[in-house]
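Swiss-Prot lists 1-31 with the feature signal peptide, giving sequence analysis as the kind of evidence. What Swiss-Prot lists as Fe(2+) binding site is His76, His141, Glu207, Asp282.
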Amino acid sequence: MIERLNSPFLRAAALFTIVAFSSLISTAALAENNPSDTAKKFKVVTTFTIIQDIAQNIAGDVAVVESITKPGAEIHDYQPTPRDIVKAQSADLILWNGMNLERWFEKFFESIKDVPSAVVTAGITPLPIREGPYSGIANPHAWMSPSNALIYIENIRKALVEHDPAHAETYNRNAQAYAEKIKALDAPLRERLSRIPAEQRWLVTSEGAFSYLAKDYGFKEVYLWPINAEQQGIPQQVRHVIDIIRENKIPVVFSESTISDKPAKQVSKETGAQYGGVLYVDSLSGEKGPVPTYISLINMTVDTIAKGFGQ
């Protein structure tokens with residue numbers, strides 16, 4: 001047994017298990033000794049910050065909502081920590097996107113015992129990824145359509161009511177109020193983007209994360225890679241996008257906040273298309289950052305796109 005643990009992999013695995021188990025014990029002990037524990041708020045844990053914000057708007061002050069991934073994090077290939085296991089295990093409900101977004105989550109969830117979960121994209125009609133190794137698989141960035149966000153709201157409301165029925169009235173009321181705010185987003189966004197001439201409406205980005213936004217507002221989508229993964233901005237991908245930009249005289253290209261802007265800037269340099277700046281999609285910023293909420297993320301992204309096209 002000692003010889004086997006000389007393997008670096010096994011030593012790391014053993015250390016991970018010990019740390020996670022110790023943390024769980026410590027957390028449980030603190031809960032036992034805390035007399036106010038029985039009065040604690042219903043706790044929701046989400047896989048990333050956008051779901052956290054939507055859920056907190058519905059939960060209001062009767063539940064606490066935390067995200068496993070931090071603001072600004074790359075969420076596709078996130079590496080969970082023992083602390084994340086403790087956080088999830090202490091939850092009353094876990095909310096996740098599904099559609100192959102959190103490729104780490106299903107394995108992670110195997111470590112969590114007796115905590116219910118809900119997929120917040122249930123009922124959304126997926127748009128398939130068009131090309132590359134993920135061709136035909138559902139594009140997971142469904143929240144980039146405000147109309148889809150209404151489905152997120154309803155799924156989260158149902159999950160909260162099911163698992164915390166004592167506060168059903170609050171959840172129902174807050175969900176309705178927040179849905180009205182989301183509905184109010186569409187008209188001004190549509191009017192702003194409609195100023196861009198139809199022949200110019202090509203949305204060129206690094207990751208193919210804007211399919212739902214592009215469909216809603218009449219853009220053709222071009223991207224350097226379909227989903228943030230190991231191969232980003234390889235020569236064949238870059239050349240393909242450069243050819244499309246030149247052929248269609250596309251005036252502007254963008255990158256995303258959680259990845260390097262170098263590939264997009266390379267394309268801009270080689271084609272003469274303007275580099276339009278950073279779009280936000282996978283993660284919110286901190287409270288003092290530019291996109292601390294889902295609504296601000298949508299507004300900021302559309303504003304950046306419109307300005308990139310001179311609108």
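Positions of Cβ are set from backbone N, Cα and C atoms, glycine also.
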Around the Cβ of His141 (Fe(2+) binding site), the count of other Cβ atoms that are within 10 Å: 23
Residue among the binding-site residues Glu207, Asp282 whose Cβ has the most other Cβ atoms within 10 Å: Asp282
